[in-house]
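Below: one structure, written as structure tokens.
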């Protein structure tokens, strides 16, 4: 086992705080509408230019191991806030720095670290309750657009496109962000349920212009096994032919004689049929077939529930207003499923989302919710260069997370004003002893830090602006973009409550751990091995003339 380098007490805390300051100073330069850019070197290709706090934090590694530990713990604040709320990483870092810096000073002055931590926790708890009281629900598209705009560093086009996407697919819908091919941002919306499987034979195409198979008011057969024998399909085909409607078959595979017969029937115009493979694999395939059954009001023909394909009737089939099948995708529009059953299914999937620990599973489950609840929107980010594209895409993703958080828990006035207003709830608190009360005071000062930093980045005097904001009430604050005072909601400067709350709670959590740290252990630097002695000359070489 390698030897360890151990630091205690003040020496440990001083080094840790130094690391915190290095990381926080780099990150907080990006805060506010007049925040600066940070350039990140890449091992290959052009450097990345960003105003995204968490992107800056993730790149920082310090040479001194003890300083690096401090930096990594603050990086954890940024990452955890980003995971919880999707935004607010810079605010969380600024809060953590303020709490740690003041806390470390108090410990150096001889105060009890545990009492300081209890005081900070007490203050944060009261502030969170006050934030929830200040919070207003987001109901209209305008508020959603404003939240997106602020999170995307005051880029209105991003805020508006996110609001439009949410309006089209609903608040439960899935919105994804991709790199576009043009200069402008674009929005593509797929309504209904779409899955990535196309027709099994090009002979099913009936719309030559779009090279797709379009079915109006079709029946939908869902089967979880292969179909290769046409006899199994005859009862269903006869029922559909009598009804005079088209048929969509979704099965694990349709092959051989069965596929050939379906193609012949389609060409001759006896029954209009399209066959596609079921999406997904294994258990996920079964779940997606069940989703389709719920959406269309049909039943999955499966031996597991005692249903055989040859015994299936027209009553077991689902219905939809329209189905479009291209070479690569199938879209079911306006399924005939019962809305209460669909809602129950969505609720069931949401429970699975809460229970799962896998990010991949969570993403797939959220996609299933979207397909049942509304649809899928794709925001294609446009830019003129690759570097701008990456920076802009990161901002769009931040803004999207922020708007989701706003829909979830509501919004508070932005620009650091909400935390200043929450001071009212904390100002009257007193701890069980003097050290706890000092911990409360540390939290009070830290909650002013985001506003101070926004003002400092805008080139103004933080104390003067802060005092003027404190004199006001409610939404009254400072718009750093144009230097005006007024109602932050009217200015359109809003922060999601969840983002502000998560930033404060996560910063206090890590700060409490760092203040109460008494020893730090790291690998001792390895001493350089002595160089090998120089080898002697080779014998028998004398007399050679060079």
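Backbone N, Cα and C atoms are what each Cβ position is placed from, and that goes for glycine too.
Taken verbatim from Swiss-Prot:
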{"type": "BINDING", "residues": "30-33, 51, 87-91, 415, 479-481, 495", "note": "ATP binding site"}
{"type": "REGION", "residues": "526-546", "note": "region 'Disordered'"}
{"type": "COMPBIAS", "residues": "534-546", "note": "compositional bias 'Gly residues'"}
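Known features from Swiss-Prot, placed on the structure.
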{"residue": "30", "record": "ATP binding site", "Cβ within 10 Å": "22"}
{"residue": "32", "record": "ATP binding site", "Cβ within 10 Å": "26"}
{"residue": "51", "record": "ATP binding site", "Cβ within 10 Å": "21"}
{"residue": "88", "record": "ATP binding site", "Cβ within 10 Å": "32"}
{"residue": "90", "record": "ATP binding site", "Cβ within 10 Å": "28"}
{"residue": "415", "record": "ATP binding site", "Cβ within 10 Å": "25"}
{"residue": "480", "record": "ATP binding site", "Cβ within 10 Å": "25"}
{"residue": "495", "record": "ATP binding site", "Cβ within 10 Å": "31"}
